[in-house]
């Protein structure tokens, strides 16, 4: 394979960082194609733990080119904080190892301010945004009033764009919401500093990535969030503001669909989500609490406790369909060790009918009652498995159910956070 996608098949937090890190060993290029610093990946290498938000997971290898694509919204302040954090851990960040799309849109201070103001204004109908300005930045992109990286590094263009945009934003901030206006000079000077630091990293990434593919290099596209947070196919409006499915690669990295050879969906052996929105298999009991504590289900970016529930195969089937997944990588199957009985959702009961897809209507999804199939559990020895035959028989049956229901093979299984606790069980 020369170009393949790794993306979340649920509501995010599936272990994409670990899987990308694992698969990046054989890749030449790792590309982040959407989202912003609202995403959080945790990667464990040896005894060290790395928390990534913007920079692709391939940065932990010395011989990979890492790319932030045009589909990403870039907060320069957050980027350089992450670079400083990684360098403090001994990871070298240079323009030879990291490049940034000149077409990526820039998150500005007014995006963060408006994100917080609007979320507070929603009251008990809040969406659960991270408050990092992601949505407002994508809004400006669609309204054609955003500032791109290529604009930021051209002083005169940035000066003109900032004046025009800030005038409008300050009217909204002061006249609509009654908050204090932002200072032009303060923003201008701060971001000019970022521009000079960014300049060496800025490239036309579409040209570079497509040439790598043409030259037969291995290119891995790393998604953030998950399918059920996709702006079109997620549980709208409790979604992110970008396209998290496989199709997002084409617009977020500037490659054609025929360039993609494989798409791997990352799925936990159970289901989690952060924030509000329907969750058919949610466990609101001691079992849910047990899974949360054992699985350390707290957000990397926000620290918020994740809601936990049984594995929902309807969601995985939907993910396989909308992204054309060629296989699944199943993570955290070790977390379920110790439970005598496990449940797996194989359908929803809605208005007297049984369905096997995620309905578009939020109201309909909230009415869906999960239909469960039960499986026998396994013990903690699963964490010591290093190949398929080492897995407990009941775990193998569990994985087989995923394959049969979704009509998509399981190619990778993870039984712990470390690199050596990952096994490839079939061709990716």
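For all residues, glycine too, the Cβ spot is worked out from N, Cα and C.
Residues or ranges marked as active site, proton acceptor by Swiss-Prot on the basis of sequence analysis: 13. Annotated active site, proton donor per Swiss-Prot: 41, in sequence order. Annotation comment: Swiss-Prot describes 12-18, 40-42, 306, 332-334, 414-416 as GTP binding site. Per Swiss-Prot, the feature Mg(2+) binding site maps to 13, 40. The IMP binding site annotation in Swiss-Prot covers 13, 14, 15, 16, 38, 39, 40, 41, 130, 144, 225, 240, 304 and rests on sequence analysis. Taken from Swiss-Prot, the feature substrate binding site covers 300, 301, 302, 303, 304, 305, 306.
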Residue 12 (GTP binding site): nearby binding-site residues from 38, 130, 225, 302, 303, 305, Cα cut-off 10 Å: 225
Listed binding-site residues 130, 300, 302, filtered to Cα within 10 Å of residue 42 (GTP binding site): 300
Between residue 304 (IMP binding site) and residue 333 (GTP binding site), the C-alpha gap once rounded to whole angstrom: 22
Distance, residue 38 (IMP binding site) to residue 333 (GTP binding site) (CA atoms, angstrom): 26
Rounded inter-Cα distance in Å - residue 415 (GTP binding site), residue 306 (substrate binding site): 20
Residue with minimal Cβ packing [other Cβ atoms within 10 Å] among the binding-site residues 12, 15, 40, 303: 303
Fewest other C-beta atoms within 10 angstroms, as judged across 18, 41, 304, 306, which are the recorded positions: 304
Residues 13, 14, 15, 16, 38, 39, 40, 41, 130, 144, 225, 240, 304 [recorded IMP binders]: greatest CA to CA distance in Å: 34
